[in-house]
Amino acid sequence: MNKTELTAAVNTRRTFAIISHPDAGKTTITEQMLLFGGVVRQAGTVKARKSGNFAKSDWMEIEKKRGISVTSSVMQFDYDGKRINILDTPGHEDFSEDTYRTLMAVDSAVMVIDSAKGIEPQTKKLFQICKMRGIPIFTFMNKLDRDGREPLDLLNEVEEVLGIETYPMNWPMGMGKGLKGLYDRYNHRVELYHNEAHGETFLPLDENGELDPSNELTKDSIYRDTLDEVELINEAGNDFDEAKVMAGDMTPVFFGSALTNFGVETFLKTYLQYAPKPAAHKTRDDQVVQPTDDEFAGFVFKIQANMNPNHRDRIAFVRICSGEFDRGMDVVLQRTGKKMRLNNSTQFMADTRETVETAVAGDIVGLYDTGNFQIGDTIYAGKNAVQFEKLPQFTPELFMRVTAKNVMKQKSFHKGIEQLVQEGAVQLYTSYSTGDYILGAVGQLQFEVFKFRMQNEYNSEVVMEPMGSKTARWIDPEQLDEKMSSSRNLLVKDRYGAPLFLFENAFAERWFADKYPDVKLTSKL
């Protein structure tokens, strides 16, 4: 496509992540959006685990069983003239590394908050990553169909705990059994709750911001209370400032109920009016790659094995940062300098996929991977080499020794470990002295998922022996003497062959530093 067509296509893209604490309703709101995009025919299937109707975004077997998202799914659909790429992030804290990387691939975030609980620990963590990146954050206060906290309390908490200004785009008229509707400040109307809407869903407000006096609702005390509260926020609240929203310093707040599909479409439509187009990306040498640059470039932010268990496949997820992707095009893998042809490409609806012929900056494409890619890789098609900024990686804190339960199944054991480690699901270390495999993770759940997937996807039962929490510290190979290793500081190498010590506690690390004052240890990964 020519420059004008490319720019027009890029301008329709909206790529965002949904962040929340577990159980705040993230999966349900995702389902409702897919419903509006005509992608799913039935929403509200998320809770119905016994019926076999699992959430579209929770495709992995363990996610279906436990009802939590443990990997980031990618879903694409068209709505209101925009092409939307939603990245669903794991809500569970043990999967922060996968989530961090996912948040590097989006241009904005939707924060879902349970109106009965307010800000919860995981929401706070994920918010801070978005804040660090300076991306716009839009808030959906969920579960209005149940009794929750006072809306003003919720806004105050967001401002105080997260340090971001709020602007309520609408205001609840009651909650729980007394929910009447939403007073929509932005669209200047009242959106009636399903039970209250007899034929009409939206009622216009007059120039004073009130309903026609002949409407029955005007006699309800909930309506009068809402007018008082709206008057208060009009006078004492923040003014809407689009520049602040774009800088991530103000969050537009929407109320609603994802479960009953109330206020979700209004949110989606309004969000799409303000959500940013694909942003420019910085390279490691401080160059800026614009989305409408002619040459294709993108980076791998996630690798997922066994999206189709029948084929033992691996998919590398690529965020396109500039130009146009065409199936069959030649690109260079920056890390190796190797040329490769991208024949097998796909786009997703969680577990269903279709071959993609073309895509542009802002889109997420999946590339079938035979082991070429690593997380953080840059691929580019132009003459000038491009290398995007490094993706964050975490030093594990928990460690387990892992062996195959059945020694006759070493082949599937090694294949499973290799693939799951390349995904970044766990880190792998090998003992210098014994050759034992040691897994490292940020949280316990990662080990559980690893064990489950080894058995389920690779037919390899594993024995895992806890080693407790350790501190990982890398050492320059030139300074290494294998005699430095002891029971308190185990010498291992990482998957790239770099040596490091696993210290059992801070005391062991201090003792080592005193004994070898010239040796420099780092916590890098």
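Every residue gets a Cβ built from N, Cα and C, even glycine.
Note that this is a predicted model, so its numbers are computed, not measured.
Taken together, the residues in the domain 'tr-type G' (11-279) have a mean pLDDT of 85 on the 0 to 100 scale. The domain 'tr-type G' feature in Swiss-Prot is assigned to 11-279.
What Swiss-Prot records for 20-27, 88-92, 142-145 is GTP binding site, and it gives sequence analysis as the kind of evidence. All protein chains included, Lys26 (GTP binding site) registers 28 other Cβ atoms within 10 Å of its own Cβ.
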In which DSSP state, out of helix, strand and coil, do we find Lys26 (GTP binding site)?
helix
Check the DSSP secondary structure of Ser20 (GTP binding site), expressed as helix, strand or coil.
coil
